[in-house]
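K.L.:
Checked TrEMBL, it gives:
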- 22-44: transmembrane segment (TRANSMEM)
- 56-79: transmembrane segment (TRANSMEM)
- 85-103: transmembrane segment (TRANSMEM)
- 124-148: transmembrane segment (TRANSMEM)
- 160-181: transmembrane segment (TRANSMEM)
- 202-222: transmembrane segment (TRANSMEM)
- 234-254: transmembrane segment (TRANSMEM)
- 303-325: transmembrane segment (TRANSMEM)
- 337-355: transmembrane segment (TRANSMEM)
- 367-388: transmembrane segment (TRANSMEM)
- 447-464: transmembrane segment (TRANSMEM)
- 470-492: transmembrane segment (TRANSMEM)
Amino acid sequence: MSQKQMKEAFVSNHNGTSVLEITQGLCLPVVCILCRGLLIILSQHLWSSHTWRTRFFIDFVFLIVPMVTTLTILSSFVYLEHLTVIIFGAGLFYQIYCRRTCYARMPVQKILEKFLKISLESEYIPAISCFRVINSAFTAVAILAVDFPLFPRRLAKTELYGTGAMDFGVGGFVFGTAMVCPEIRRKCMEGSRFDHFTKSLYSVWPLVFLGVGRLIIIKSIGYQEHLTEYGVHWNFFFTLIVVKLITSLLLMFFPPNKSWIVAIGITVLYQLALDLTPLKRLILYGTDGSGTRVGLLNANREGIMSTLGYVAIHMAGVQTGSYVLKKRSHIKDWIKVAYCILLLAISLFVSLYIVQVKVEAASRRMANLAFCIWIVASSLILLSSLLLGDILLSFAKFLIQGALVPCSWKLIQSPATDKKHSESLVSEAERKKPSLCLITAINRNQLIFFLLSNITTGLINLLVDTLHSSTLWAFFVLNLYMFINCLIIYMLHLQDKTIKFW
């Protein structure tokens, strides 16, 4: 076998892992982000302010390194990772509570009563930014790690049925993008429906460029491909283009807060078509039943047909975004939001079990009903966990007067006696210059981060024999790769630059 064939075989024919293991891995960054915020609060109280190098190091160690270890050397010890981080976070929280500068002589119950009466800045929802960044960073790590032997094969993309950690990447990206789509943020809504659709057509041209560019480069250099992922010519960017155009059309006729109806309708009808028509046979075996790749449809049948599932996931994301982005100010309201999303996620996981037993197992290749339920349920459990983490972090900030944590809620009602003075002080401090925050940096240039990760992954695969790399060498390469990508994006953020193609 050639090197290309060996690499293709190495990432193919996998059956995935349990939904529980993937959910545990997704929730670990939530606890790490909370610990990172607690550490920043405590260090601000004990020492002077951080330099950008110190803040970058803290963010990288708490956000990126745990992801690399979870997907590689510590993949079998996720429980231990959770326990270690939780104990560390509890220690930080205890130190903050003991050193609190507000309500120092007040009992815990009274402090909680006062905390539940405060208001938060509702214009910015840090949980959504963290959701998108976690998914982007997770995808960036996984697309290179999968080529090394230290990456567990059970976490790779599944061949036909099953749930692999990498299967969540595309679905999570679609869901995260949908939560902040222009239709929810009320942008580009002026004028006729045709004008709005025209703007949507214009906005996808960078994706067309990236999709065609990736296709040409991959074919010209003979880079390894997982054929059953999307097909011969199709790729992730083409899926995003079709999803964007179809959902823009749908949202011309359905308001965002009714998107759940469209999402359920599409997934149910698509599953019925898979079960009652020859559609499933077409996706799996082509028009001749023998796996032919002759013709455009046969060559790209997985990518084309699975788009319907991703459209449903996008509409579910729109529904979630329209609910979460409603204006709320009181902390009690956000506790209720987190609780409702968590309940819905649990309900969907129960539905997933029933569907997989009674109807069909989850299939990334077809993006069937079970796959869509799994993606939405996992996204909601991650989002609700992030909201709860933000609430806990807000309580820690409430205890230390003047505490500032990038990519977290601003407390509108401060514990200080002079509320107006305190509010203006926080606002001036945070808006004076770009925040020293890797999460904000990646969220600001998410497409560039994804593109940069793909380019560096390709270069490393061309320069390094990934199949025969030792565990130590592979772990070093992965961390160096993420360090370089994050540092470039971080420097762009410090220069206050947002790279957009439209």
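Using the three backbone atoms N, Cα and C, a Cβ is placed for every residue, glycine included.
Just so you know, TrEMBL annotations are computer predictions that nobody has curated.
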K.L.:
Out of 85-103, 160-181, 202-222, 367-388, which stretch touches the transmembrane segment (124-148) the most, going by CB pairs under 8 Å?
P.N.:
160-181
K.L.:
Have the transmembrane segment (367-388) and the transmembrane segment (303-325) got at least three CB pairs under 8 Å, pairs 6 or more apart in sequence?
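P.N.:
Yes, these stretches are in contact.
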K.L.:
Does the transmembrane segment (202-222) come near the transmembrane segment (470-492), with 3+ Cβ pairs under 8 Å (pairs 6 or more apart)?
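P.N.:
Contact absent: fewer than 3 Cβ pairs fall under 8 Å.
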K.L.:
Considering only the recorded stretches 56-79, 160-181, 337-355, state which has the highest number of Cβ pairs under 8 Å to the transmembrane segment (470-492).
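P.N.:
The stretch with the most contacts is 56-79.
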K.L.:
Short question: which residues 6 or more past the ends of the transmembrane segment (160-181) have a Cβ under 8 Å from it?
P.N.:
14-19, 21-22, 25-26, 71, 128, 131-132, 135-136, 138-139, 142-143, 146, 154, 228, 236, 239-240, 243, 247, 251, 284, 310, 313-318, 320-321, 324-325, 360-365, 367, 371-372, 374-376, 378-379, 382
K.L.:
When you scan the chain for residues with a C-beta under 8 Å from the transmembrane segment (337-355), skipping those not six or more beyond its ends, what do you find?
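P.N.:
Hits for the transmembrane segment (337-355): 19, 320, 323-324, 328, 362, 369-370, 373-374, 376-378, 380-381, 383-384, 387-388, 391.
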K.L.:
Could you pull out which residues elsewhere in the chain have a CB under 8 Å from any CB of the transmembrane segment (56-79), counting only those six or more residues past its ends?
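P.N.:
Residues 21, 24-25, 28-29, 32-33, 35-36, 39-40, 50, 85, 133-134, 137-138, 141-142, 145, 148, 150-152, 155, 165, 436-439, 471, 474-475, 478-479, 482-483, 486-487, 490.
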